Amino acid sequence: MNLTQILINSLVRASELGLIAMGVTLVFSLLRFANFAHGELALIGAYLAYALSAAGLDLWLAIPLGAVATGFIAVAIDKALFARVRTAPGLVLLVASMGLSLFLKNVVGAIWGTKSYSFEGSLARSFSFAGGFVTSTQVIILVVSVIAMLCFHLLLSHTRLGRAMRALADDSELARARGIRVEAIISKVWFIVGSYAALGGALIGLETVISLELGYSVILPAFAAAVLGGIGSVHGAMLGALIIGLAENIVLAIDWSFLPATSGPLYIDTGYKLAVAFLVMVAVLILRPRGLFQGTSGD
Amino acid sequence: MIRRSILKAFALSAISLPMFLTTPAVQAQDAQTVDIGVLLSMTGSLGRGGNNVVLGMQTALEEVNALSPSRQFRLVIEDDESSPQAAMDGIRKLVDVDKVPVVLGTVGSATTIPTASYSLSKNIAHVGLTASSPDVRSLGKGYFSIIATDEVMGAALAKFAMEDTGKKKVGIIVANDAYGVGLAKRMQEAVAANGGEVVSEVRYEAGQPDYRAELQRLFSPRPEIVLAVSWGDNARLLTKQAHELGLMQTVQGAWYQPYPAEIVNACIAEACEDVKGLDIAADRGERFQQLRAALETRVGSDVVIDWFIGVGYDAVWVTALAVDLANSAEPAAISAALPKAFEIYRGVSDADMSVDADGIQRNQEYGSFVIKAGKLEPYTAN
C-alpha cells in the first residue's frame, strides 16, 4: 500500500467532493431538504464546460463559464420548481428533487447522448513526490478547490450576504422579520451552490471522464460528507469530504486476504467505492446523528 | 436457381461485383424483402466499434441486394447503448415487434449472451459478431459466431507477449465481465504453459471514472509484462492514468492488448505509444480488396478498414447466403442453412469461416500490431 499515493488521491477526491458537498449542506440548512438533484448540477457543469471547450474556448475559460451558466440554471430550477413547493413538507421537496434528478439526467442524455466524453488535450505531466505521483491536473484541481473554498469561507463569514445566509439558516421567520429579502438570498444561494457543484463536476471530468453517471456517482459521497461533517455545517462538509476521500481510497487499497476463507490477494473493486461512502454515512447516522463535528444549521 | 448460384459463386470466390451486375440473369422481379435484425452498440463505450460494424454491414447489403433483385435484404437496427439492459429492450423489439427471422449482434459478450438467449428461446437464429467469451458456447443450437472465442485469443496473446519480450512476470488487468474474465483465465493458463508467472491479476468494473486503485494493485508486484483487456473509454482512462501515475513507463513496450483496434482511436496517443496486441488479421486477399474498393467509393479513399468493418461485412454476407441456400426466410430454415453458409463463404475476417458444433469459428488468424503516434501499425515480434 503506497500511503503517499493514497493521501494524494484522497486529497484530490476531497477537493472535488467538497465543492459539491458544501452545496448539499447549504441547501439543507436554508431550505430544509436533501436535494437529490444536486449531483445533476455537477453533471450539467461538466457537460457545459466540455461543450464550450469542444467549441474552441480555452479550457480554463470554459470551466468557469460553465459554472456560471449552471448557477443560473440552478436559480431557474428553484424558481420553476422548488419555489412553488417552498412551504411543503420536506418529503414533498425530497421527492421533487428525485424527479428533477432523473429529468435533468435525461435532458443531458438527450442533448449529448449516452457516450462518454473527455476534455481534449495531451497527458498531464506527472511528478514524483515522496514515493507517489501527482499530476499537473491534480495540482490544479487542488489549488482551484482550495481557492474556491476559501472564497466561500470569506463570503460566509465576512460579507453581508454571508451573514444573511446564516441568519436565514438559523431562523428564516426571524430573518424575514428583520428585513432580509429571503427569496433574493435564496436565489443567490442557488446560484452559488449551482456554480460550485458545476465546478466540482468539471474538475472530476478533467481528471477522469464525463459521463451521464457523474451525478449519481457523486451525490451519495457528497451526502455522506455532509452528514459526516454535521448536516448544515459548510466547514464540516469540507472536512467530511476529506474523510470520505480517505476512507474510499484506503478501503480500496487494503488487501483483505487476512480474512478467513480467502486465498490470495483480495481487494474491493472500485465499483464498490460508493458502498464505502454509504457505509460511512449509515455508521455516522447511527452512532452520531449530528455528525462528527456536531454541525448545526447555519455553521 | 440462377440467382442462388450467383450469390453462392460470389460468396465462394469474391469475383468482382460489376461482372455480375452486367449478367443478363439478374433481372428485376417481384422482390421479396427479408429483414435482418441487427443489435449493436451505436452509442456508449462500444459505440465506435458498433458504428464500424454497421458500415461493413451496409456495404455488404448493397452488394447482396445488387446481386439478388428478387430477394432484397433490409437491416433493422437497434442500439444497445453498450448496456445489457438496453440490449434486452432492443432484442425484444427485434424479435417480438419487428419479428425478424435472424438477428446479428452484438459487439460485446456481456450483451450478446443474454440477447442471444432470448432470440434462441424464440427459435430465432442469432449470429454473434465480436463477442468472444467462451461462455457463448453454452448458448446452444441456433447460435453462430463470426469470430473465434477467447480460448484462442487469450492463449495467443500471452504467448506472443512472452516471446516478444523474453520476460516471465506477467500482470493481468481485465474488465470484470464475461469477456474479460474469460480472457484472463486463458491468459493465466497460457502464461503457466509458457513457463511464466502471473504476479497480479486485477479486475475492474467497466465505466468507472477512476482506475488508479486497480492500477496500483496491478503494478504493486512489479510485473514485467501487462496483459490488459480494455476498450473505448475504459482503455483511454486506464492507459492515461497508468501513464500519469508513472506506471506505464515501467513496462514501456510491454503492455499488450487483445484487439488493439478497439483502443487505438480512444486512447491519448502518448499514453498508448508502443502498446502492442493481436487483432483479427483481415484477409488481405480478393475479398478484402473488394471491400476496400466498395468502402472507398462509399466513404472516401482514406478509409481505414478495421476488423469491425470486416465482421459486419461478413455477417450480412453469410446471413444472406444462408437465406439463399435455404430459399426461405423462415427462422428454422435460416438456422439450418447457416453452417453450410459459413462453410462455403470466404470472408474478410478469415478466409476459412467454417464453424464447429457450437457454431463457433474453428480457426482464427491473428496479426500482430503496435500503436505508434496514435495509429495502428503492423508489428513483427522480436
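Note: Cβ is positioned from N, Cα and C throughout, glycine not excepted.
Listed in TrEMBL:
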- A:6-28: transmembrane segment (TRANSMEM)
- A:59-78: transmembrane segment (TRANSMEM)
- A:90-113: transmembrane segment (TRANSMEM)
- A:133-156: transmembrane segment (TRANSMEM)
- A:185-204: transmembrane segment (TRANSMEM)
- A:210-231: transmembrane segment (TRANSMEM)
- A:238-258: transmembrane segment (TRANSMEM)
- A:270-287: transmembrane segment (TRANSMEM)
The transmembrane segment (A:210-231) and the transmembrane segment (A:133-156): do they have three or more Cβ pairs under 8 Å, with pairs 6 or more apart in sequence?
no
Which residues of the same chain, at least 6 past either end of the transmembrane segment (A:6-28), have a Cβ under 8 Å from a Cβ in it?
34-35, 38-39, 41-42, 129, 132-134, 138, 141-142, 144-146, 148-149, 152, 165, 189-190, 192-194, 196-197, 199-201, 203-204, 207, 218-219, 221-223, 225-226, 229, 231-234, 236-238, 240-242, 244-246, 248-250, 253, 295, 297
Sort out the residues at least 6 away from either end of the transmembrane segment (A:238-258), same chain, that have Cβ-Cβ distances under 8 Å to it, and list them.
1-2, 6-7, 9-15, 17-18, 21-22, 149, 221-222, 224-229, 264-268, 270, 273, 276-277, 280, 291-293
Range from A:59-78, A:90-113, A:185-204, A:210-231 with most C-beta pairs under 8 A to the transmembrane segment (A:270-287):
A:210-231
